[in-house]
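Asker: Take this structure first; my questions come after.
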DNA sequence: AGCACGCCGACT
DNA sequence: GTCGGCGTGCTC
């Protein structure tokens, strides 16, 4: 540093838009000269110097003129390590979001600050007061009587006025304005007491009660005031007088909201079968060599992949390194949580959507401090603030829940890869039906492939029959259940065995159509048919949440002739109840008014044998192990096969294989029935045989021929706007601008552009949606062209009301 | 996105 | 004259 230079912080500022976002330079004032990268701060921003929160991402010396200064610190210590800041930058330049969006996605919600504006009355002379309107005078008098800063929202509510009136008062100098930052969730603290340093209690003359307390504090060093009162039976006044005499002092300690009871931690060895052991040995050698690498653990359903990575996690834990274990949906894996907490006690932190915001914050802090070294959670667990990561495991790596559908539209697999690279750690992808992309990488030798080909213990694969529903209909059976499936359910009921019935969500919702005019009831805001929900007797839109009470009056022709069509889970359940009146049926689907915890309760009830039949959508295919289930029925396999994008076969294969694999996990042999009207489709036959290898060979051929991942990346650009014409115009303009840039600057870049075209659901929330699909390489050059075009369009006044989103390798083309 | 500044119409 | 309407441009 030269003499005339000073410390400058590069700060990611909250609430910027992509169009003008950057790292903003602020001068570090002298009294804050020991700030560190990774600390959050409050800075004045914009013309009005209103406060914004931000995070310091870089520090350097310079002599730039006219910089504003950092106002204050929000964290007394950095909350991000340098590696986490590297991850912030990684997300920023890969997913087209602002710097602070990237910071925010890595933090638990509870840790974020809310900036609120407060107003106070200023003492002014009568001339000024008399110039106010009556209404303004009223507001002024109100603030004067409050005699303390009043939150903006409160004033607006009390007087039902707009913000402009307050701004006017402020400009007149009648009221004062200040911004303050508040945490949504407070740290939970407890009042502690301890003796002051260098105090010998014999030097003082104390009352008997004070003596007792002082003795206690000599022994225990420190205790909460509550504890002191509890053990001595005295009140707080005794400690109060000790503090007054400067013998003891009060301070606050943070407490955790989740009380951890370290109950009988299991120390017994994980027992592995010979094939599991050799898989483990292979993975362990990868873990040990100090290079970052990716391994794919591919094991058939029921082969015991969990035990393998459990042992690996144990090794990592014993090396005092951190582990992240990601699962697709935590509400469906209570068993896994139980296994881990019973083995590792409070060294496990669970990032659980069922936790309150405060609890999540506490879990985050336990990890941040190094108190918990094993993190178990869903997608966002990949951002766990571990300081020294040795291993990241992604269970069921092909699951779509690892991809975020909100900005930043990240894929947890890519973040995991990046963090493992930074920590020289092992990334372990685990699956019975790996994504085609991952298996391809393994085949090419870029990932290390480890196979488990046999089921653990006595369990064998279920016997699967495929039933052609066309034939059933020709025989006069128009119900959801084939004769075969009906008979098997009936026999299971007699033998006190459990059954699982899988319905596909798509096309299985109950919609309403008019018998007079033939119209289907659609959402007024979206181009989607409304579905009927019996739980609240309303018709609802799944896209925007719009709902109206059910009536039989057609909104179009006003005849009272609305009628249900389609077969929802509710209808399929009804049929089941009609067929087997004595059966105890449990229905589960994502739309039912179910909370996360009720999934768990219901699944546990099913596991305990309180129900005979579990019927529902995707969720029934995953989660708990039910040893008593010997029959799995798939009502209609077709809808999942023939949806709209290149991944539908992969998803259908994975779902069918998983659900079929649910049958016969215990001692009894299982059976499964797949009902379809296209029995000749090879995906159905292969998932019945659980033949991933043949499926993969077919699928990779298709991907190569049609240039889909892993042979290309897919970039989906979405345009949303209220005015359809402008939206189309914007889509065309954007696409052309992009193509022109690529042609002039990167003429050799391989590229195929499709579109613009209407999105499948072309209107959501009154916004028209169009899209461009680009097959490309997700390279630095490609991303920089996208970024450049996005910035250009954010400055374009003509299209300022059109939203443009970019999603690289999206889940679907919607 | 906000927010402030500035340049024009309708009001006591 | 002046209040406040919205159009315009900037954010370290």
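In case you wondered, yes, glycine gets a Cβ from its N, Cα and C as well.
OK, TrEMBL features for this one:
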DOMAIN    A:286-452  domain 'Helicase ATP-binding'
BINDING   A:514, A:517, A:554, A:557  Zn(2+) 1 binding site
BINDING   A:523, A:526, A:541, A:544  Zn(2+) 2 binding site
DOMAIN    A:549-703  domain 'Helicase C-terminal'
Asker: Excluding A:514, A:517, A:554, A:557, which residues of the same chain place their Cβ within 8 Å of the centroid of the Cβ atoms of the recorded Zn(2+) 1 site?
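Answerer: The answer, listed by sequence position, is A:515, A:516, A:518, A:519, A:555, A:556, A:558, A:559, A:561, A:562.
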Asker: To the nearest Å, how far is the Cα of residue A:554 (Zn(2+) 1 binding site) from the Cα of residue A:526 (Zn(2+) 2 binding site)?
Answerer: 18
Asker: A:517, A:523, A:541, A:554: which of these binding-site residues has the highest Cβ count within 10 Å of its own Cβ?
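Answerer: Of A:517, A:523, A:541, A:554, the one with the most crowded Cβ is A:523.
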Asker: In whole Å, note down how far the CA of residue A:541 (Zn(2+) 2 binding site) lies from the CA of residue A:514 (Zn(2+) 1 binding site).
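Answerer: Residue A:541 (Zn(2+) 2 binding site) has its Cα 18 Å from the Cα of residue A:514 (Zn(2+) 1 binding site).
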Asker: Please report the distance from the Cα of residue A:526 (Zn(2+) 2 binding site) to the Cα of residue A:557 (Zn(2+) 1 binding site), rounded to the nearest angstrom.
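Answerer: Given the Cα positions, residue A:526 (Zn(2+) 2 binding site) is 20 Å from residue A:557 (Zn(2+) 1 binding site).
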Asker: Quick check: in three-state DSSP terms, what is residue A:514 (Zn(2+) 1 binding site)?
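Answerer: For residue A:514 (Zn(2+) 1 binding site) - judged by DSSP and reduced to three states - the answer is strand.
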Asker: Which residues does residue A:557 (Zn(2+) 1 binding site) neighbour through Cβ under 8 Å, counting only same-chain ones at least six apart?
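Answerer: Counting only residues 6 or more apart in sequence, the Cβ neighbours of residue A:557 (Zn(2+) 1 binding site) under 8 Å are A:514, A:516, A:517, A:519.
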Asker: As a test of reading the model: what is the averaged pLDDT for the domain 'Helicase ATP-binding' (A:286-452)?
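Answerer: 93, rounded to a whole number.
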Asker: Going by DSSP, is residue A:557 (Zn(2+) 1 binding site) sitting in a helix, a strand, or coil?
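Answerer: The three-state answer is coil.
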Asker: For residue A:541 (Zn(2+) 2 binding site), which of the three DSSP-derived states applies: helix, strand, or coil?
Answerer: coil
